[in-house]
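Trainee: Once you've had a glance at the structure underneath, I'll fire off some questions.
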Amino acid sequence: MRMTVIGTGYLGATHAACMAELSHEVLGVDVDEAKIASLKDSKVPFFEPGLPEVLERNLENGRLNFTTDYAEAAAFAQVHFLGVGTPQQKGTYAADLTYVRQVVEDLVPLLEGEHIIFGKSTVPVGTAEQLQELADSLVKPGSHVEIAWNPEFLREGYAVKDTITPDRIVVGVREGATAEAIAREVYATAIAADTPFLVTDLATAELVKVSANAFLATKISFINAVAEICEQTGADVVALADAIGHDDRIGRKFLGAGLGFGGGCLPKDIRAFMARAGELGADQALTFLREVDSINMRRRDRVVQLAKEMCGGSLLGKRVTVLGAAFKPNSDDVRDSPALSVAGSLSLQGAAVSVYDPEAMDNARRVFPTLSYASSTKEALIDAHLVVLATEWQEFRDLDPEVAGGVVEKRAIIDGRNVLDVAKWKAAGWEMEALGRNL
Ligand code: UDX
């Protein structure tokens, strides 16, 4: 099948390359000349394991190409995926739909014949209906554009796997729409492998995505709230999560207590969900998400407080190593990163902060140019009075407490992600603190 993918960020670039991998003919489209030049040159402008290989293979076999030209996109295919960003609006909680609307405004007047636009971006419920009205007002006489919604559930770090073998496919359509049949062709490989394929109305498809992210955020904040109680009572949140996780109605996934969630999706999606509920006059339904957000933010403060205590009451003049800058391992994304937020706060309170991350250094430097950045874990650890493990990269999990202990000034560490072997680190003489545990 021929298709375009409009917007070549994390979502769109991955979707374009993976659709080509599934034997479709794909044209990726973006207004960012530099991004398109890089992708054409077989370079992924962000870190995503496995994606460079898929990109290169499909550029070479000719199934994948990129352009900044909407006229080329309009002529290339009758199926278009829309994957541009919906960031948080400045000054409010709501999602900014400027880019999504802009795509419709730029593309639709150029289309001839029958076209389908599958929205993949995470949007407030009701957006697809509004875009359909917008498209109807812009389309050429005699041509027709159908808007359908096909939310994307990929996780950064597993984006290729999640796109090629998704755990479910959801397509929101209007009554009498042709989008379902087209979606079945697009996702034929996954459907043949018995992937659940759910067809809903537009509003439900939009809500599936934000509800899934709100649920995940709530699950993380739930265990982090319990962690606060553990800290007051001497209980251990890791043992507790293991125990409740054995109940298969609960499950152990996303009960990882620690510094909490960040990234380009969970924080902004729960805020946009609250904002939309308010617009709909249903704000009470989602006020609990405000608490989910607060619990999450409090964990960052807790780490800074622990750091201060471990440094004898003041961070002034203390050298603190922060291991991690990305919002999670296997990503170079620092958007709303708990690790960088902690590093920034420690610095603002007078600590000399040295940050190291295996992949996110350039992005971190751009956001927080005032922190100092080391070129390796070992360099970051030199003469530290305190180490904070803030993103659980494998390299940090594998740190040898004896080797690390030989480099630092003082053997003191905060495990912000509850991934280190406490007995081993304590046996090596480290003073250790963690979230939700009394070590
Ligand atoms: C998320 C959703 O998982 C994905 O389905 C959606 O399409 C986009 O948003 P992503 O932002 O890539 O994906 O990250 P995810 O793996 O969900 O992690 C989100 C955050 O939660 C990270 O900061 C992670 O460190 C944190 N987290 C995760 C925890 O703090 N504890 C956990 O147990 C799990």
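One is the number of the first residue shown, and numbering goes on along the chain from there.
From the backbone N, Cα and C atoms, a Cβ is placed for every residue, glycine too.
No curator has checked TrEMBL annotations; they are predicted automatically.
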Trainee: F153, L154, R155, E156, F254, L255, G256, A257, G258, G262, K328 show up in TrEMBL as binding substrate; which entry in K140, K209, K308, K318 does that record put in the same site?
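Mentor: TrEMBL names K209 for this substrate site.
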Trainee: Out of R319, R335, R365, R366, which one does TrEMBL list together with D30, K35, T86, T122, E156, K268 for NAD(+)?
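Mentor: Of the residues offered, the record points to R335.
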Trainee: Within the chain of K35 (NAD(+) binding site), which residues six or more apart in sequence place their C-beta under 8 angstroms from its C-beta?
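Mentor: Once residues fewer than 6 apart are set aside, K35 (NAD(+) binding site) is near T8, P45.
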Trainee: Identify, in sequence order, the residues in the chain of G262 (substrate binding site) that are 6 or more apart from it along the sequence and have a CB within less than 8 Å of its CB; answer 'none' if there are none.
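Mentor: Listed in sequence order: F327, K328, R335, D336, S337, P338, A339, S341.
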Trainee: I need the nearest neighbour of D30 (NAD(+) binding site) among the binding-site residues R155, K209, L255, using C-alpha distances.
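Mentor: The smallest Cα gap between D30 (NAD(+) binding site) and any of the binding-site residues is with R155.
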Trainee: Could you list, ordered by sequence, which of these recorded positions: R155, E156, A257, G262, C265, have a Cβ under 6 Å from ligand 1?
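Mentor: R155, E156, G262, C265, in sequence order.
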Trainee: Kindly state the mean pLDDT of the domain 'UDP-glucose/GDP-mannose dehydrogenase C-terminal' (321-422) in the predicted structure.
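Mentor: Within the domain 'UDP-glucose/GDP-mannose dehydrogenase C-terminal' (321-422), the model's average pLDDT equals 98.
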Trainee: Measuring CA to CA, name the entry from the recorded positions T86, T122, C265 that ends up nearest R155 (substrate binding site).
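Mentor: In terms of Cα distance, R155 (substrate binding site) lies closest to C265.
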Trainee: Determine the C-alpha span of the substrate site listed in the record, that is the greatest distance between any two of F153, L154, R155, E156, K209, F254, L255, G256, A257, G258, G262, K328, in Å to the nearest whole number.
Mentor: 25
